[in-house]
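K.L.:
I have a structure here, written as structure tokens, and I will follow up with some questions on it.
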Amino acid sequence: MSQNHRILLLNGPNLNLLGKREPGIYGSKTLDEIVADLKHNAIELGVTLEHLQSNAEHELVSRIHQAMGQVDYIIINPAAFTHTSVAIRDALLGVAIPFIEVHLSNVHAREPFRHHSYLSDVAKGVICGLGADGYQFALTAAVHQLRAA
């Protein structure tokens, strides 16, 4: 492979509490464990994976802006911002970097307010309800799409 693709992983609010917060819904793996596994798999796939978790919407928006021209694909678990953030949607549309939306839980089987996403209709794909494995599936899909382009 002649090009080392760069993938940005973004995680939204409260995901820093994974492993402690409602493990029956979100699983027992910590975010650090999930990211370490992803970085290991990224190396095996020959891509670079960068990560940011933030509880602040503006930090996620700023990182998306910084990704323009620097990142080839975004994997994002916007967490609660899924249901509220026009700003993140507009940032993703503004940089025109393809992205996959990931959720650990099946948001469609939860409270009605979690059923709507401001990102799903503009994402390349959405993975939900598969726990931490969803991140791995998203990474694999992103790499396949980049190599097919």
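Numbers here mean position along the shown chain, with the first residue as 1.
Including glycine, each Cβ sits where the backbone N, Cα and C put it.
Pulled these features from Swiss-Prot for this protein:
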- Y26: active site, proton acceptor (ACT_SITE)
- H103: active site, proton donor (ACT_SITE)
- N77, H83, D90, L104, S105, R114: substrate binding site (BINDING)
- R21: site 'Transition state stabilizer' (SITE)
K.L.:
Could you state the whole-number distance in Å separating the C-alpha atoms of R21 (site 'Transition state stabilizer') and N77 (substrate binding site)?
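P.N.:
Their Cα atoms are separated by 16 Å.
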K.L.:
If we check Cα distances from the residue listed as 'active site, proton donor', which of the binding-site residues N77, H83, D90 wins as closest?
P.N.:
N77
K.L.:
Quick check on the recorded positions: of R21, H83, H103, whose CB has the lowest count of neighbouring CB atoms inside 10 Å?
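P.N.:
Candidates: the recorded positions R21, H83, H103. Fewest Cβ atoms within 10 Å: R21.
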